[in-house]
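Visitor: According to TrEMBL, the feature site 'Transition state stabilizer' maps to R22, K29. Annotation source TrEMBL lists site 'Positions MEP for the nucleophilic attack' at R162, K215.
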Amino acid sequence: MSQDLRSPRCFALVPAAGIGERSGAGMPKQYVEIAGKPMLAHTLTALAAVPRVEQTLVVLSPADDRFEAALPGHTGWVARVGGASRAESVLGGLAELRRRGATDDDWVLVHDAARCLLRPEWVDALIDACEHDAVGGLLAQPIADTLKAGDADGRVTATVDRRDKWAAQTPQMFRLGLVEKALAAMGAAATDEASAVEALGLAPRLVRASMANFKVTWPEDFELAERWLYQVGPSSR
Ligand SMILES: Nc1ccn([C@@H]2O[C@H](COP(=O)(O)OP(=O)(O)OP(=O)(O)O)[C@@H](O)[C@H]2O)c(=O)n1
Ligand SMILES: C[C@](O)(CO)[C@H](O)COP(=O)(O)O
């Protein structure tokens, strides 16, 4: 039996097959221009600035007819293998990475197209924290606010102890073989890769990032993201 003696490589996988319903943009939010460029372009620029990330695969919807016009000249990997849920899009992307030569032991950093404020140094911190870890991990932020549970009428039902609570972000970094097995087992119910890995009884590492790594979700988030991007300098992004 032949043995693969290469060191594991790091690939990034960017699910960008959502419709952005909550954003109210009237188009998939990854193509909305922020600080002069589509949101997806900012996301890909940040990942391209991390030398340890060998390649980034963008996962689009099979029906996507905007990518080439929105990001002309993009030379990275792109595959129209998205599905009905984020988990299915990621699974489609993992299979595509395998078709392009990635193997079980390679690391995959799954990062939402919608987290366009990503900074290369946060990705490096995640890789530093996880590359020798048995499980892998994710960027996250400890909860700063008092946490409430609410009912359908918008009334508080409980105040939740926040002391051990973190808001999960992306990238989430796991070995290809592990994350694929975990997502296949959990299916569309997995809202992130870590929850699927947790369901296998494993404990992903939490790596603190920044509130600035927020996910553009609601209409008002576009303006907020634009302010941040102008602050760090749109010319470099
Ligand atoms: N079927 C899906 C759903 C989501 N995503 C991607 O997963 C990331 C996080 O999802 P979210 O912010 O929820 O994006 P949307 O699903 O597009 O937004 P909404 O839920 O408001 O429709 C986004 O980059 C989105 O494009 C995906 O690739 N395939
Ligand atoms: C993966 C994620 O960004 C972690 O916070 C998030 O769960 C994805 O968003 P969704 O609304 O669950 O698709």
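Easy rule for this one: first residue shown is 1, then count along the chain.
Cβ from N, Cα, C; glycine included.
Curation does not apply to TrEMBL; its annotations are automatic.
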Visitor: For ligand 2, which among the recorded sites R22, K29, R162, K215 have a CB under 6 Å from it?
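Guide: The recorded sites passing the 6 Å Cβ test are K215.
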Visitor: Sequence order is fine: just name those recorded sites in R22, R162, K215 with a Cα within 10 angstroms of K29 (site 'Transition state stabilizer').
Guide: R22
Visitor: About how far apart, in whole Å, are the alpha carbons (Cα) of R162 (site 'Positions MEP for the nucleophilic attack') and K215 (site 'Positions MEP for the nucleophilic attack')?
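Guide: Cα-Cα, rounded: 21 Å.
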Visitor: Tell me, if you would, which residue among K29, R162 (recorded sites) has the fewest other CB atoms within 10 Å in the structure shown?
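Guide: Across K29, R162, these recorded sites, the one with fewest Cβ atoms within 10 Å is R162.
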Visitor: Are there any residues in the same chain, six or more apart in sequence, whose C-beta is under 8 angstroms from the C-beta of R22 (site 'Transition state stabilizer'), and if so which?
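Guide: Result: T217, W218.
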Visitor: So which of the recorded sites R22, R162, K215 sit close to ligand 1, that is, with a CB under 6 Å from an atom of it?
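Guide: Only R22, K215 qualify.
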